[in-house]
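Over in TrEMBL, the protein carries these features:
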| type | residues | note |
| --- | --- | --- |
| BINDING | Asn144, Asn145, Gly146, Gly147, Asp148, Gly213, Phe214, Ser215, Phe216, His217, Gly218, Ser219, Asp251 | (6S)-NADPHX binding site |
| BINDING | Asn145, Asp209, Ser254 | K(+) binding site |
| DOMAIN | 94-309 | domain 'YjeF N-terminal' |
Amino acid sequence: MWPLASRSRKMTRLLFLTQSLSSNPKPISHSHTYYNYSVSRSFHNSISNLSLAFLHPIRSPAICAFCSKPSSAVGVGSLPSMTEDISYLTQREAAEIDEILMGPLGFSVDQLMELAGLSVATSIAEVYKPSEYNRVLAICGPGNNGGDGLVAARHLHHFGYKPSVCYPKRTAKPLYTGLVTQLESLSVPFISVEDLPLDLSKDFDIIVDAMFGFSFHGSPRPPFDNLIQKLVCINNYDQTRQKSSAVVSIDIPSGWHVEGDGGAEGIKPDMLVSLTAPKLCAKKFFGPHHFLGGRFVPPSIADKYKLRLPPYPGTSMCVRIGRPAQVDISALRENYVSPEFLEEQVEADPFDQFRKWFDDVVAAGLREPNAMALSTASKNGKPSSRMVLLKGFDKNGFVWYTNYESRKAHELSENPHASLLFHWDGLNRQVRVEGSVQKISDEESDQYFHSRPRGSQIGAIVSKQSTVVPGRHVLYDQYKELEEKFSDGSIIPKPKNWGGYRLKPELFEFWQGQKSRLHDRLQYSPEEINGQQVWKIERLAP
């Protein structure tokens, strides 16, 4: 691996020496050749994600860690409110940025390509779930854009998709042959142009357009002209409301000019994954999904080119540009794929089955596995629900803590029955528990209260839960006052109106999502047999 990287660096240094490093470097000169094999913009998109690719496990929850989410964001500039506020690069600027990245900033071609491919794969995973869009075809050209497609195909395989690759004009350089070897080791099939179906939608759910990048010149030559027409035909099928594949273009829709568009007869992708920064032609992209990838732009480049880019949320490797497409809520659905959940496989005791599933959730790394919806009702039957955190469970029941003067507490005093619902989306599982509720001992509540962070202890005193407050500043001022009062480390007394509840289960239901809405639902209910209480297991219709 490293000898190959060394060769790539030598190659890019030679190319870089032909350019000026002044504040206004000249663009890379392009010959009349069909493909420019010098520094390509899409290469640099691979770098910043390389470390993350190896630090995070590749499984369903981890994919989400690479995808954009509405969390605290770190990135270049502030989040633009509209797409027009985002910077767009000319062909010259894109080439210059690549030069700087792979010159004085020390990035190598293989690093950038790895990060670009990962950005593409995570963008796809953000929108097209493998349970619905499983069959992927990556059409790869002979240059850097094609390399990005090969890397994306590898990551998609690890994300649970079934990729195939069409790579008609293979590049004999070690970097590219290595990518082919990696895919072959995963048994990813390579398909010749001749073996592709006339209508790609019949065999593939997603088409990754990785033929040409921003350095492409002229008209596409065979076989890429024909391949582009196949993608155009997909647009035509879509217009006639027949089933069609989703087309995902990397950086530039193939056949488009970097500063123009593809014309009326060009590819019209459903998703565009811009790398580093969108190119000028992206202004002519009107598809529903536009993402930015290639999270490695340093402040020096952002300042020099006055780049305004959306910040990447959290650890994400992609971020959506512009507003998401309007969604038909009635069409939102997930076709779950899960192992069968059979009566003969479950534990006889529902507490043991819950422990088994809870351990699975923790092992899968799902966020807040102890979050549960608590539903209560008043004496008049008026219901209410809220999310709380499970803080303990055993054969005696499920425990949580709250303010005894809150709405849920008042309802429990009138009607001491409740329902708990755990929803573990990453494993397609839910557990519902119904039963009677009672307060736990003050000693048990006191012990837990003093195990909490001191900030949480003070917060419990400040919050008169469910009462009306004039503004957040009131809470903040009271908090600061108490924080100062207990700054000496003295014990913070537990409020008398704060403590725990325990729900004693009378019914369990374990739910496992399955295809075509034929979900598994196993219910545990108590019954007495020969003077002994046992749990009866029954299957419910989905």
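Keep in mind that glycine also has a Cβ here, set from the backbone N, Cα and C atoms.
By neighbour count, meaning other C-beta atoms within 10 Å, the densest spot among the binding-site residues Asp148, Asp209, Asp251 is Asp148. Neighbours of Phe216 ((6S)-NADPHX binding site), defined as other CB atoms within 10 A of its CB across all chains, total 25. Comparing Asn145 (K(+) binding site) with Gly218 ((6S)-NADPHX binding site), their Cα atoms are 16 Å apart once rounded. Per-residue confidence over the domain 'YjeF N-terminal' (94-309) averages 91 (mean pLDDT, predicted model).
In this view, Phe214 ((6S)-NADPHX binding site) is surrounded by 29 other Cβ atoms within 10 Å of its Cβ, with every protein chain counted. Sequence-distant neighbours of Gly146 ((6S)-NADPHX binding site) (same chain, six or more apart, CB under 8 Å from its CB) are Cys140, Tyr167, Thr171, Tyr176, Ala210, Met211, listed in sequence order. The K(+) site is set by Asn145, Asp209, Ser254; from the centre of their CB atoms, other residues of the chain with a CB within 8 Å are Ile139, Gly141, Gly146, Gly149, Ala210, Met211, Phe212, Gly213, Ser249, Ile250, Asp251, Ile252, Pro253. Long-range Cβ proximity for Ser254 (K(+) binding site), meaning a same-chain Cβ under 8 A and a gap of 6 or more residues, is found for Gly141, Asp209, Met211, Phe212, Phe216, Pro220, Phe224, Ile228, Leu231, Ile267. Annotation for the binding-site residues Asn144, Asn145, Gly218: lowest Cβ count within 10 Å of the residue's own Cβ, Gly218.
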